[in-house]
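Contents: one structure, followed by commentary.
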Amino acid sequence: MPSVINTGHHHFSISNIFANWRAYYDITKPKVVALLVLTALVGMSLSVPGALPWQRLIPAMLGIGLLSSAAAAINHIVDEKIDTVMGRTHNRPLPAGKISVTNAIVFATSIALLGFIILYALVNPLTAFLTLAGLVGYSFVYTMYLKRATPQNITIGGLAGAIPPLLGWTAMTNEVVPNALLLVLIIFTWTPPHFWALAIHRKNDYAKVNIPMLPVTHGVSFTKTQILLYTVLLFVVCLLPYLVGMSNWLYLIGACSLNLIFFGYAWQLKFNAKEGTAMATFKFSIIHLMLLFIILLLDHYWLPMG
């Protein structure tokens, strides 16, 4: 017999989730969460020498993954009305009517609670509360307020999405250290050029729903300049793990190569853009971050510090 929660006009049930599992899966932004969990895994790996204890590794990844999924679902709930209008998002599960807002709220709350309990009980309270702070920062401070209030929304709000390496680090060590914050700084610096490239591509959608993204408020040319400058800043920030002795030559070569390519995309976007250049830059930025952190991982295990 399915477990059912009565929520007024709607019924939230386990059978409802199984019937619409794809829609619930989609509102958790699984590809984004996978990248966040990868960066958390790198934070864990760099925090301790040798193999990671699976008794800590599995609950940490599960808890961080569940709370990140809940944050993504809350983002869908808050943006449901503007998603209905925007071309990129009108087919998402909530505006398309595949899931009710009430059911989405119950689902998001349930997986957030489960994730928090796993982290608190099986990892440590510090990681549980930091992960919860990330959820609040992204879902409420960024999505509810900053996104609608300032063109610097993603610069400030990006901090919430940048903390998974710190969460991974604290999961293993139960302390906040400068090297963990350095990994956060990389993602924090990467976020604006990543997101603004998409915002250029979707400028008209954002203008239609009065979201003050940088291309809407300051124009596309200004935004392209900012993207180019941020890729230069990102290049410098990505050198820091090598310069402070966190990583070796393998990471240095990988970081320089990836950042040169990212800079090349940003240069083309600014000075020789074609119709698809903004979207191509956005897509490469995701590959950039994923490969950068995979190379950090390979560098750590293949070339252990002497």
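Glycine residues also receive a Cβ, built from the backbone N, Cα and C atoms like all the rest.
For reference, Swiss-Prot has these:
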- 32-52: transmembrane segment (TRANSMEM)
- 58-78: transmembrane segment (TRANSMEM)
- 103-123: transmembrane segment (TRANSMEM)
- 126-146: transmembrane segment (TRANSMEM)
- 153-173: transmembrane segment (TRANSMEM)
- 180-200: transmembrane segment (TRANSMEM)
- 227-247: transmembrane segment (TRANSMEM)
- 249-269: transmembrane segment (TRANSMEM)
- 278-298: transmembrane segment (TRANSMEM)
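Residues of the same chain lying 6 or more positions beyond the ends of the transmembrane segment (126-146) and with a Cβ under 8 Å from any Cβ of it are 60, 63-64, 67-68, 70-71, 74-75, 78-79, 112, 115-116, 119-120, 152-154, 156-157, 159-161, 163-164, 166-167, 170-171, 174-176. Within the same chain, residues 60-61, 64-65, 68-69, 72, 161, 164-169, 171-173, 177, 179-180, 183, 187, 246, 286, 289-290, 293-294, 296-297, 300-301, 304 sit at least 6 positions outside the transmembrane segment (32-52) and bring their C-beta atoms closer than 8 Å to a C-beta of that stretch.
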